[in-house]
Amino acid sequence: MANISTLNTTVAGIDAVSSRLASGPRGRKPRRVLSRRNVMLYGTLIVAALYYLLPLYVMVVTSLKGMPEIRLGNIFSPPLEITFEPWVKAWAEACTGLNCDGLSRGFWNSVRILVPSVVVSIAVASVSGYALANWRFKGAELFFSILIVGAFIPYQVMIYPIVIVLREMGIYGTLTGLVVVHTIFGMPILTLLFRNYFASLPVELFKAARIDGAGFWQIYFRIMLPMSLPIFVVAMILQVTGIWNDFLFGVVFTRPDTYPMTVQLNNIVNSVQGVKEYNVNMAATLLTGAVPLIVYFISGRLFVRGIAAGAVKG
Amino acid sequence: MHDTVSLRPKSSVSIRELSLSFGSVKVLENLNLDIRDGEFLVLLGSSGCGKSTLLNCIAGLLEPTEGQIFIKDRNVTWEEPKDRGIGMVFQSYALYPQMTVEKNLSFGLRVAKMAREEIDRRVARAAGILQIEPLLKRKPAELSGGQRQRVAIGRALVRDVDVFLFDEPLSNLDAKLRSELRVEIKRLHQALRNTMIYVTHDQIEALTLADRIAIMKSGVIQQLDDPVTIYNRPKNRFVAGFIGSPSMNFLTGELAEEGGRPVFRTNGTSFSLDGYDAAQPLAPGRKVILGVRPEHIKVDGDISGGEVHEAVVDIEEPMGADNLIWLKHAGHTLSVRIGGARRYAVGAKVRLAFDMTMASLFDAETEERI
Amino acid sequence: MVKQAAAGRPNHLFRNLNSKIASIPMILVASVIFLGGTLWTVIYSFTNSRLLPRLNFVGLDQYERLWASSRWIISIQNLAIYGILSLIFSLVIGFVLAALMDQKIRFENTFRTIFLYPFALSFIVTGLVWQWVLNPEFGIQSVVRSLGWTGFSFDPLYDPDIVIYGILIAALWQGTGLVMCLMLAGLRGIDEDIWKAARVDGIPMWKTYLLIVIPMMRPVFITTLVIIASGIVKVYDLVVAQTSGGPGNASEVPAKYVYDYMFQAQNLGQGFAASTMMLLTVAIIIVPWAYLEFGGRKRG
């Protein structure tokens, strides 16, 4: 094309402007898909992605192998013979130092801990955040500041006083006690989250509702709550993963028969008794990680928003 | 203070010595204001002047640090917003997003546990007045800006109150809708004859809507008058400069006497002050500022007599109906409004004359009108 | 005046009453648990409490014993190495990944999902997986050896000298996704026009990052730093799951020291003293940050 048109212009002697238009770079600049930049960029990303995926892959393949195969092969090779027995064993039969009914006990304990903890902690924190955002009173900001600073205090500093308080209340070692602990330690981040969210809602809505005669609870339940579903979902994601993954509070504030799943898992895998069954261990690990992973994969962007909201503003 | 009530029986809203400060920042200072029954009062000022703060105090959404507020001769200073007999319309409409228009309108009545029939009656009436009957089942997100603002007004309407408060209700709308709704609000006021207090930073809204305008600056009311007085006889330089677009021309100089008549002298030239309606004697030697609006300077053919000066055209800004020309005269730049059809070339020489009957003189020190 | 009396200003304490009632849990947690609990622990760290807390003051005895304990010294050393390295690596890796993700790449969501998923997992799960991956008999070491490099040796979990690096690898795997996300949010917050201006001025991309973008992201870096740092001090579950503090006590950390003394060795005083030291460490990180972030803002 270019050649012909150049030829035409020289032959026909059309003026310089149109000849310049005809020849030379025109339209979209051609780009190679495999440019050096792209190779470097995607190469690095893919290598990094492999690193991040590797442990998950190892967990899955190990949990599907039999013990003889594990002893012979390497941990990266895919299973020659897929078996689900380790999963069954991890769920129902694996032994901790104390009992041999597998992770199922820990799973149900965790569920029993999770549901009330998530509900109570979010309920308490959302109301506190709402009070802070819309009904500020003298001193409120001071307590809130203490709360936020407290979020950075190592748990170890406050654990023993809490043990004493719970013991005095007669709920140390009970489910109620652990719910209280999760509510306490979830409070800084959740209160901050809700306070910032409610403060970001147009204040005129709040004013309009007050002129309409609605009070503290009426505005909370009838105006604010229906508008705040996304932030409640974010808070739920934060709490479900956080509480499910908790280990320290589980160890300190529950008794062996009510240990949450993470504690149960650690006791199974790091139990010194018996022969190490790596496939069962990995199945158990996957089972424990499954709940937050499912939450993560389902919630996607909201999860990111949740941690970012929690983290950046914290 | 005992007799304020009996002294002003006709006032609908009275503000007495109202002050409000956030920490050390004083937002309102010792403010007094009486609003007559059925009056349309506009609080006008730039952002941060305290006009919205004052409105929020009247609504009971902010607590004053000092002073009292009366509505219908009742001291409501400590009353809850809902008990003050007011309705309020907000800039961002503030419609409850999860409720339909109908539920938005009736929310306050439902909170007050009013009888079902009465709620329906009031909603129907408000919807009828504002012509939003077809929208009643929709959610706010499905409405246009103008429709939303109508619903927001409706929410104040159903409350059946004596005083309407508007907080920049039209500022979120585009220019065309704004002028449409402006007319509607005026019509509404003429139909209902309620007291309306309207906060805006838009002087056109203020001039077109108001019975009286209160111009505010730094928490203090600068002038409270009807629009014509505000425009033509501004009390001080701030009001003069704030109202009117393009802005008033200001020339600094001093008073003098020539042939026994007062003149205004600046940069070697002098302007006769014949026709100026002075409230104070025009003592020679007093430093003053002369203010003349662009439409009160006549050029060439428009001059019907009086003192004539020469000037040079600096810039021309055609604005459609009008044409604004900037003239250089004796070291000052003057803007002059002329008919849109008349054009001038840059550098052209023109003759000009001031209409002193419409001019304003301010003391250079106090900036108060003379 | 008569009317004024009729209106009757409610008692100061009862104004905004519902808000105050609703805030009771927050007030209690802030004052009793966070403030009171911390003070309580600090005070009792000066006592010789053993099985039960008792107010029998012994001055700085517990602290002297603490700093004389080789296990504590190892814990502190581990925390220092782990802390400094994980700060550096997670910031660098997190930022580089974020910068790569910010190149308008395809499959951005997929990559982000992959980089971030470990963050959803607990430290227990993380520790156990890496315990398995780093297992000398079956893990990376044996795989590399079976590929022909028979002399290859990488056995962090059973070598006291490098065990802390084994924990670091796991921690980075778990946490860098979060850092990347924060950094990416920071990068996205930067005005597009900055990039356009830099491109028109002909500034190379790496220079734009180094000289313009990173300085602009200072607040993001600081918050990220504080988040990582306060997480580092709390590190506990990971060590318990991955090494249980072993081999020997080569991978002990302060948080584990506190737990063991409080709940297993029944030596509360030691536990309190150690946790007070942890508090001090956090204070050293937090106070300058809080001062810069909030103290400066008030004056400005």
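Cβ from N, Cα, C; glycine included.
If one looks beyond the transmembrane segment (A:39-60) by at least 6 residues along the same chain, the residues whose Cβ comes under 8 Å of a Cβ in the stretch are 75-76, 282, 285-286, 289. Annotation comment: TrEMBL describes A:39-60 (among others) as transmembrane segment.
Summarising the annotation, TrEMBL assigns domain 'ABC transmembrane type-1' to A:107-299.
As annotated by TrEMBL, transmembrane segment applies to A:113-133 (among others).
Per TrEMBL, transmembrane segment is recorded for A:142-165 (among others). Long-range contacts of the transmembrane segment (A:142-165) within the same chain: residues 132, 172, 181, 184-185, 187-189, 191-192, 195, 248-249, 252-253, 314, each at least 6 residues beyond the stretch ends and with a Cβ under 8 Å from a Cβ of the stretch.
Here the transmembrane segment (A:171-198) has Cβ contacts under 8 Å with residues 112-113, 116-117, 120-122, 124-126, 128-130, 132-134, 144, 147-148, 150-151, 155, 162-163, 224, 228, 231, 234-235, 238-239, 242-243, 246, 249-250, 253-255, 258, 309-310, 313-314 of the same chain, all six or more residues outside its ends. Per TrEMBL, transmembrane segment is recorded for A:171-198 (among others).
Away from its own ends, the transmembrane segment (A:219-244) comes close to residues 110, 113-114, 117-118, 121-122, 125-127, 130, 134, 182, 186, 189-190, 193-194, 197-198, 201, 205-206, 209-210, 260-262, 291-292, 295-296, 299, 302-303, 305-307, 309-310 of its chain (Cβ-Cβ under 8 Å, at least six residues beyond either end). Annotation comment: TrEMBL describes A:219-244 (among others) as transmembrane segment.
Residues of the same chain lying 6 or more positions beyond the ends of the transmembrane segment (A:280-298) and with a Cβ under 8 Å from any Cβ of it are 58-60, 62-63, 86-87, 89-91, 94, 102-103, 106-107, 110, 237, 240-241, 244-245, 261-262, 265, 268-269. Residues or ranges marked as transmembrane segment by TrEMBL: A:280-298 (among others).
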